[in-house]
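Residues annotated as S-adenosyl-L-methionine binding site in Swiss-Prot: Gln43, Phe72, Glu99, Asn145. The active site, nucleophile annotation in Swiss-Prot covers Cys172.
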Amino acid sequence: MRRALIFLASPHFFAPNFFIFIYAKRISTPQIPLFIRPQGFFQTNPKVASQLYATVQQWVKILPINHLWDLFCGVGGFGLHCAKALQDQGKPVTLTGIEISAAAIESATQSAQKLALNNVTFASLDAAQFALKDRQQTPELVIVNPPRRGIGKDLAEFLNQLNIPYLIYSSCNAESMVKDFAYLTHYQLHRVQLFDMFPHTTHYETVTLLIRK
């Protein structure tokens with residue numbers, strides 16, 4: 001059984017530093033607190049989002065990785081779930097989360113502190129520009145959850161060149177995802193799962209695991 005609770009109201013109702021707190025309790029996954037501010041991004045369906053994060057967490061925890069990037073990270077849902085699972089296994093984990101929204105980064109940092117995660121950094125930057133410029137340490141896994149437009153040709157080709165063993169790609173727009181897959185020529189699709197994130201609409205969330213050829 002998975003549960004999530006969220007309270008929403010007009011942003012004008014809240015004091016500047018007020019935050020909304022989501023507590024998602026899940027069987028077989030750690031308890032991950034996620035904080036949302038009015039201008040931060042979070043999945044529109046918290047119940048399905050908890051299943052989405054738990055699925056990726058299960059995929060990642062068996063991979064031989066220690067260093068990961070979470071690009072377009074929002075409030076850090078994907079990266080925090082994965083880092084917590086890996087750290088609980090005794091692995092030395094380094095997580096870098098990148099998101100353009102400063103409010104979302106504040107929330108992600110707060111969650112990391114609550115979880116007492118070490119070697120976790122969240123920064124308010126353009127995800128594509130960060131990836132193209134940061135060559136100091138190459139991760140073993142990159143997670144991308146881009147806007148509907150996708151990651152685009154430049155970032156996809158950069159990921160090809162970066163020689164990363166694993167990619168997690170989550171998208172609410174299968175058409176842009178397919179276009180990006182055409183650019184990701186060094187990777188092959190290994191796992192895929194759909195989530196009914198938007199009931200009673202034609203939209204859905206797709207998460208995939210890609211492995212370097």
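For all residues, glycine too, the Cβ spot is worked out from N, Cα and C.
Among the binding-site residues Phe72, Glu99, Asn145, the ones whose Cα is located within 10 Å of the Cα of Cys172 (active site, nucleophile) are Asn145. Every protein chain shown contributes to the tally, and the Cβ of Asn145 (S-adenosyl-L-methionine binding site) ends up with 26 other Cβ atoms within 10 Å.
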